[in-house]
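Features reported for this protein in Swiss-Prot:
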ACT_SITE  287  active site, proton donor
BINDING   172, 238  Mn(2+) binding site
BINDING   175, 176, 177, 189, 190, 191, 194, 195  prenylated FMN binding site
């Protein structure tokens, strides 16, 4: 399925009963977040608030509030099909030459999709139908949501921040929350390992004291939005991956005030710069952990231009204790991760990030164990192979007879196959999300690996237990007479 823009996607969702329009006046201050939270928790539809209190612009929430809508946004019917996207990413990350003509023919569909990777640059774009500059710029006129009563200010949540480092050809798209602090000022909260922060760091070294150009797109097409949160290889641009998802090239146009390319169909675009010498104290905000985070200084984004479509839609979300939209995205994108990990570690059978683990803080891996110490190798691989798992605090490794997605199965494996002293691996002084206040130092903490696999010679000197198995003949017999037993 191809969606040229966000509006085409909303039309499809509405036709499937996956979008509800609310005409009643609803306040962006707390009320929208409360309604969105209740709706998401019951697996409800996306919401278009058509009458925000005090504003003329409608607000879209809960767009990716179910795994099904995430899959639809990526052009698939369900989350199971996302495995194929993961296989494509694994292929692009480490392409292998075909071993023969038959394998070459088999790879043609993948290479054909590569033709959709280059962006298509438009001279005229819908996202620039309305242009505001100078004193016309006033962020207070946007219906920016205030999500929790303890939040310090309204927060831009679904903005796609577009940056480019001085030494890179490709541009980076990332989603970083942005605190409103003035009519043309936002605080750009990005962690040091994220693409935008890395671009900014390189810019400051190459261009001391010079403003760093930034554009932020709000309400892009679903493929571009989801490309910004998908674990794509560092060498692949988000626009290129969006083209793969969409099955046609991503249409972009040049920003009015800088050379950055922006999604041509975006609802709203904020353009401006970051002064390397200007920072502000960000937070506190309720975040995906279910707690308010600590305050910290981050760069200030000065907005010089706002461009938008006529009758623009403001796209927003909230974060809080799971389930929330980031947790749902994590659950769906879990299926994309698996083939990427399996390409590097073929012994991995399943990989699961439980939503209640705040999207990425705990992982359960099942493997076909082949030798003593195998579980520890997989732990180290999870922590080091993909940047997305740099902040995963707990990795539990089980055998392939355990269902990684069933806590009863996992806990049984831990309690019967794991000795706390022998099978727990602790690593200190590792990168940790600075929002994790449980770590002793902001940004630096420990990790725990739990080996819940059956132990091999060399891992134990005791005779290992034999699992109880039912007699298949008796099971078949009881199946045949079950309906006669009145049970």
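Counting starts with 1 at the first residue shown.
The backbone N, Cα and C atoms fix where each Cβ goes, and this holds for glycine too.
Comparing residue 172 (Mn(2+) binding site) with residue 190 (prenylated FMN binding site), their Cα atoms are 13 Å apart once rounded. Using a 10 Å Cβ-Cβ cutoff, the residue listed as 'active site, proton donor' registers 22 neighbours. The residue listed as 'active site, proton donor' and residue 177 (prenylated FMN binding site) are 10 Å apart (CA-CA, integer value).
DSSP assigns residue 175 (prenylated FMN binding site) to a strand segment in the three-state reduction. Taking the centre of the Cβ atoms of 175, 176, 177, 189, 190, 191, 194, 195 as the prenylated FMN site, the nearby residues of that chain (Cβ within 8 Å, site residues left out) are 161, 174, 188, 196, 197. Working note on the binding-site residues 175, 191: by count of other C-beta atoms within 10 Å of each C-beta, 175 ranks first. Taking Cβ-Cβ distances under 8 Å and a sequence separation of 6 or more, the neighbours of residue 195 (prenylated FMN binding site) in its chain are 163, 172, 173, 174. The two recorded residues residue 175 (prenylated FMN binding site) and residue 287 (active site, proton donor) have their Cα atoms spaced 14 Å from each other. Here the CA atom of residue 287 (active site, proton donor) lies 18 Å from the CA atom of residue 194 (prenylated FMN binding site). When the binding-site residues 177, 189, 194 are compared by the number of other C-beta atoms lying within 10 angstroms of their own C-beta, 194 comes out lowest. A Cα-Cα distance of 14 Å separates residue 190 (prenylated FMN binding site) from the residue listed as 'active site, proton donor'.
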